[in-house]
Amino acid sequence: MEPLLELSDVVKEFSSRPPVRPLDGLSMVVPPSTMIAVTGVSGKGKSTLLNVMGGLLRPEAGSVRYRKIDLTQATAAQIDDIHRRGIGFVFQTPYLFQALTAYENLELALRASGEKVVRDRIFEMLEKLGLSERAEHLPSALSAGQKRRLVLGRALLSHHDVLLADEPTNDLDAEWSERVFELLRGFCATEGRSVVLVTHDRSYAAQADKVYLLEGGKLREEVTL
Amino acid sequence: MFSLAWKNIIRRLGGSLMTALIAFIAVFVLATSLAVVASLENGLRLSRERLGADIMVLPAGASGNASEVLFCAEPVNVYLPADVERTVAETAGVEQATPQFFTQTVNQSCCSVIGVTRVVGIDMETDFIVGPWLVGGALEGGALPPDGIILGAAAPPIEGGQASILGSVFHCVGTLEPTGSSVDETIFMDVNAARTIAAESPYLESVWLNVDPFDAISCVMVKVKEGAQPSAVAAAIIEQVPGAAAVCTSDLIASVTSQLVVLESMTLAFLAAIVLLAALALAGRFSSLVSSRMGELGLLRTMGVGRLKVALSFVVEVGVVTMAAAAAATACACLASSAIIGQLHTSFDLPGALLAPSAYGWVVCAALLFAVLLSLVALVQPMIALMRQDPQETLAKGGL
């Protein structure tokens, strides 16, 4: 099957002193209906990898292809279009619109992706994330764990082909970590979608279909049991 | 996007009010200044065009109050003998002369008049000061009856067309166009009727101990013949009428004009400073908003919202707040300006004429245009920052 995302010989360097090269000739394929976990020690470029995969950062060399579109050569309008329906994000920092309630944050995500706003769908997602009673609350009234779940809900609600999730279980207890993992699993099981998640938790990563270790700017596939 | 902008406004009320306050102050100062200066200039223009008199003949003891008499409707209860009018009229170079008789300031404590106004007696047979500015061009019936009154353009309204003044009932028989002078704030009546109520006024009892009110006038308004020099005629009048002072109204207007020039220069300087400060304050405010929202703006970009739409949502947010504040400031300025004009009018003996609604319309347009320009100028730097530093990239880097 045609891969959703394909990275070839990607080099990403930050011009600090001395320069940092978190991705150094990295290649990777994201097939449909797959959950991929990327692990590695902190500060070695896992988040950079996700941002390059999602077209948020341009690499110095190599190509990043989403359904045959090279994101390194794509126009801003093409990238915007891909972000609307193709690639979604869950950032390490739970960014939310502070002036919008939990419900409205999800509603805006649907509007931005051009999907029809269905109230029941939003409430169903809030229910799944244990936030139905917090629907009318602003982010400032939510706990760190609730914000994290809301951010995940926003990403899951839009029908992206690929979801790039950066430490999605940060701030969550063991029970919610498990439930979130199940939700991500369910996402992969629908319409050929895939998830690439970055985590430093190896036991969590081990539940994915594929596990990669990021080391020395390259990925090494680890055998999952 | 508009919904997000609106919710940012109402749910981040503290920040919105801060932005609104800066815009409010800037627009309020501008609109008030415009309205006040326009009103003073309007008053001066009307005074020049509609004053009618070239010379005012007053008792020597009242000549220092000529500006008050001319522009502020302050009654001066110092009188000249009535025959002075004839002497003045016969002086070489005098085209027309008409007497006026000042009674007193009246208010609700003595009369059925709302507010404070001055009552002046005029002789309609010789008058050339009041008659030309009658709304409709002439009085009903052509003459001013003993119980008739004419209201200046800024005189208090009279309910039911009649008023009790110092115990006598008068009927309104006409109103005047604005003139920019004290005429606007005056109730005019027949000179003999004015003398009668003044003679019976308990407030003026002491004045009549040495003066016969029926043989007294307060001033004579003089129009000089074509080609005659008002100053020369004034000098001739002073020679003819001992105990009188003749003041050229052109001198008074010139003096007021020079005061206005100073006032306008100061106003312009203050305005320039306020505009500069407001632009800097708003630019700082907008920049700080962009910085504090970089995460949210970046989030919108990662959700596929175009750069232009993201910028537009921000512009809509600050634009709505700024324009709402500007509208409120303009309304407050229109209300405040009349009070300020009144204060300047009485404190500095400056001419004042209420602006016509169309003039206020211009002030409103100018203030709102200023608000738009101010916002655009203040938005330049934040927008450059927003466009140069893609928040999407900032967000990605922030996630490292």
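Here the Cβ of each residue, glycine as well, is placed from N, Cα and C on the backbone.
Worth saying up front: this structure is predicted, and the values here are computed from it rather than measured.
According to TrEMBL, the protein carries these features:
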- B:16-238: domain 'MacB-like periplasmic core' (DOMAIN)
- B:269-380: domain 'ABC3 transporter permease C-terminal' (DOMAIN)
- B:268-290: transmembrane segment (TRANSMEM)
- B:311-340: transmembrane segment (TRANSMEM)
- B:360-380: transmembrane segment (TRANSMEM)
In DSSP terms, the domain 'ABC3 transporter permease C-terminal' (B:269-380) comprises 100 helix, 0 strand, 12 coil
For the domain 'MacB-like periplasmic core' (B:16-238), mean pLDDT (0 to 100): 81
Counting only residues 6+ away from its ends, which parts of the chain sit with a Cβ under 8 Å from the transmembrane segment (B:311-340)? 1-2, 4-6, 8-9, 16, 19-21, 23-28, 30-32, 35-36, 39, 282, 286, 289-290, 293, 297, 300, 354-355, 360, 363-364, 367-368, 370-372, 374-375, 379, 382-383, 386-387
